[in-house]
Amino acid sequence: MTISAVPGTIILAIETSCDETGVGIACLDDYGTVTLLADEVASSVDEQARFGGVVPEIASRAHLEALGPTIRCALAAAGLTGSAKPDVVAATIGPGLAGALLVGVAAAKAYSAAWGVPFYAVNHLGGHLAADVYEHGPLPECVALLVSGGHTHLLQVRSLGAPIVELGSTVDDAAGEAYDKVARLLGLGYPGGKVLDDLARTGDRDAIVFPRGMTGPADDLNAFSFSGLKTAVARYVESHPDALPADVAAGFQEAVADVLTMKAVRAATGLGVSTLLIVGGVAANSRLRELAAQRCAAAGLMLRIPGPRFCTDNGAMIAAFAAHLLAAAAPPSPLDVPSDPGLPVVKRQIN
């Protein structure tokens, strides 16, 4: 594919919020359709696994080493060769690891200045919401459950170009964080999500019933808590040394999926929307996807979950979110805008 054959606005986006170096290139056409042209990801997860979690300094150095080659691969894959260049450059401005964000933001600003094109500083979490459009088309009004290693949010999304309303979030650990901690407890290593999911498939999810946090009559309907669940698993393993790890994993995973899907479906039906969107790294979990499909079908909701490729961090999702901001006539960001490691989910862009 050559760039001259692709009409529309070409967006190059950089994602470096954690341990994946992602570069995505997408095209926004005159009808608002977003088409993915390139999606390249380099990960430092193997280096991080030696330490049982993400080490910020290692992540930052890995981004420095990987970003140049990853950008060149993406440009070549999209057909941006010779003097061809994108029309817009975007980057994750937050939330994320401070040093990791700086690498991607600095590179994006430099390319924006060198090419003389606008720069968009966008929210990483908004990118997760937008990732689904590549596979399932324009996103209707929905309730979104965003679950990842560092975040667990229930959101009302009227459109990807409109302000996002936060309905609730975790009061302690994120769901993905709990997965990593329980996986470490069971000696499964890091990252814990996929390996724990694989182990849980071989266990009996009804053998051990773990507590469901924030589900009491006095609890916030849209809030989550996974710290108590993590502690309950630790105490169970300590007091039952002969327990099958697969049953522990299955019981833990069932508790997480039960709470997430129950609260998400209830929020969607309560607001009268017809679509539930589930995104983020934890959205790749097989039991969460299965239980969400069952409960959405029972409630008459349309369920949208991107494929596992678009659940984890990547540049394609940042390009998609930037495209929707462009379509909504959002102004570009100044080149002196700082990154924000604690950027709230409701702040779509810094400009």
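Heads up, the Cβ atoms here are built off N, Cα and C, so glycines get one too.
According to its DSSP assignment, His128 (Fe cation binding site) is helical. The Fe cation binding site annotation in Swiss-Prot covers His124, His128, Asp313.
DSSP assigns Leu146 (substrate binding site) to a strand. Its own atom aside, the Cβ of Leu146 (substrate binding site) has 27 Cβ atoms within 10 angstroms in the protein chains shown. The annotation substrate binding site is assigned in Swiss-Prot to Leu146, Val147, Ser148, Gly149, Gly150, Asp180, Gly193, Asp197, Asn285.
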Candidates Leu146, Gly150, Asn285 (binding-site residues) with Cα within 10 Å of His128 (Fe cation binding site): Leu146
Tertiary neighbours of His124 (Fe cation binding site) (same chain, Cβ under 8 Å, six or more apart): Glu15, Ser17, Thr92, Ile93, Gly94, Pro95, Gly96, Asp313, Ile318, Leu343
Cβ-Cβ neighbours of Asp313 (Fe cation binding site) (radius 10 Å): 27
Listed in sequence order, residues not in His124, His128, Asp313 with Cβ within 8 Å of the centre of the Fe cation site Cβ atoms: Glu15, Ser17, Thr92, Leu125, Gly127, Ala131, Ser148, Gly280, Asn314, Met317, Ile318
